[in-house]
Amino acid sequence: MQILDGKQTAAYYRSKVALKVEELKKNGIAAPRLAAFLIGDNIASAMYIKMKEKACAEVGILTRTHVLDAKTPEAEIIKLIKDENADPQTSGILVQLPLPKHYDEKKILSYIEPSKDADCFLPQNIGHMFLGDETTVLPCTPLGVMKLLKYYKIDVASKEVCIIGRSNIVGKPLAFLMLKDNATVTMCHSKTRDLKEVAKRADILVAAIGRAKMIDSSYVKPGAVVVDVGINHIEKPDGKHETCGDCDFESVSKIASYMTPVPGGVGPMTIAMVLYNTLYNYVLIKKLDIKMDIEP
Ligand code: NAD
């Protein structure tokens with residue numbers, strides 16, 4: 001079994017983004033900026049924002065993080081988003097989800113200027129993606145999965161792909177990207193009948209469920225490629241905490257041909273794609289003559 005190393009692969013894609021940012025600067029063009037909103041006191045969200053800031057700094061992308069407490073009036077958040085929309089150097093805006101429950105996530109996100117949508121969460125961008133617009137920004141986690149497979153030269157064309165999980169940010173858009181690359185896609189979810197039997201047909205099995213270690217080898221065809229998107233934090237019997245995926249790594253790695261670890265699999269790829277999208281938006285907004293080819 002070969003590990004699909006997201007850390008190493010993300011470092012490769014980040015280095016490609018860094019080269020493009022360097023190219024901008026050499027041409028006298030200021031670096032793009034990612035503006036992030038961290039609202040409330042969700043520990044995981046704070047950690048993700050830190051990781052994104054660090055990754056941006058590494059490739060020369062500027063960051064501005066709005067750290068706001070959970071009592072911040074909605075109008076103030078919207079005003080700050082509008083300010084970022086108007087700032088010509090900001091090309092990526094993201095609001096770290098989930099927001100504290102009393103906020104209307106959909107409403108707040110709707111104020112992001114679609115051309116600056118770093119996550120590709122907005123209906124305008126998702127719509128363009130589904131209609132096959134080749135120039136639109138793509139959602140970070142699904143894009144990260146596709147780039148990871150590409151890096152390892154795993155071709156999805158004509159393969160049976162099973163995706164477990166149908167969220168708007170992972171499962172559904174990933175199914176679309178797989179389909180676009182000519183895979184035969186089966187979507188599974190909590191109401192799927194005979195989940196094991198369906199999953200076992202897959203040449204490429206993707207778990208994006210949010211259930212720690214639910215997928216063991218009994219769901220996997222021998223030799224399948226397994227991509228574990230899940231990030232779960234569990235308490236072990238000894239009281240220590242562990243981050244794990246939706247797959248039982250020990251069990252699945254015995255029969256898969258390739259597999260992503262958690263941590264160090266899809267997570268770093270998602271962050272690399274936030275950087276890519278921020279630069280990509282900048283190039284489009286400013287109509288720069290920079291090719292965004294980052295493939296190996
Ligand atoms: P979600 O909670 O929005 O959706 C979960 C999906 O799993 C649903 O479609 C549901 O139908 C399905 N599901 C739930 N229980 C099931 C079961 N018993 N059998 C079959 N299907 C079941 O999830 P999400 O936002 O897509 O996130 C999924 C996981 O991926 C989470 O662990 C999340 O933390 C992780 N995630 C990781 C990254 C990353 O960068 N690695 C990015 C986003 C999400």
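Using the three backbone atoms N, Cα and C, a Cβ is placed for every residue, glycine included.
The domain 'Tetrahydrofolate dehydrogenase/cyclohydrolase catalytic' annotation in TrEMBL covers 4-119. Residues or ranges marked as domain 'Tetrahydrofolate dehydrogenase/cyclohydrolase NAD(P)-binding' by TrEMBL: 139-281. The NADP(+) binding site annotation in TrEMBL covers Gly165, Arg166, Ser167, Ile231.
Its Cβ placed at the centre, Ile231 (NADP(+) binding site) has 19 other Cβ atoms within 10 Å. The Cβ of Ser167 (NADP(+) binding site) lies under 8 Å from the Cβ of Ala208, each of these being in the same chain and 6 or more residues away along the sequence.
The binding-site residues considered are Gly165, Arg166; of these, Arg166 has the fewest other C-beta atoms within 10 angstroms of its C-beta. When secondary structure is read from DSSP and collapsed to three states, Ile231 (NADP(+) binding site) falls in the coil class. In the three-state DSSP scheme, Ser167 (NADP(+) binding site) is classed as coil. Largest Cα-to-Cα span within the NADP(+)-binding set Gly165, Arg166, Ser167, Ile231: 16 Å. Residues in the domain 'Tetrahydrofolate dehydrogenase/cyclohydrolase NAD(P)-binding' (139-281) partition by DSSP class (helix H, G, I; strand E, B; coil) as 50 helix, 30 strand, 63 coil. According to DSSP, the domain 'Tetrahydrofolate dehydrogenase/cyclohydrolase catalytic' (4-119) comprises 59 helix, 21 strand, 36 coil.
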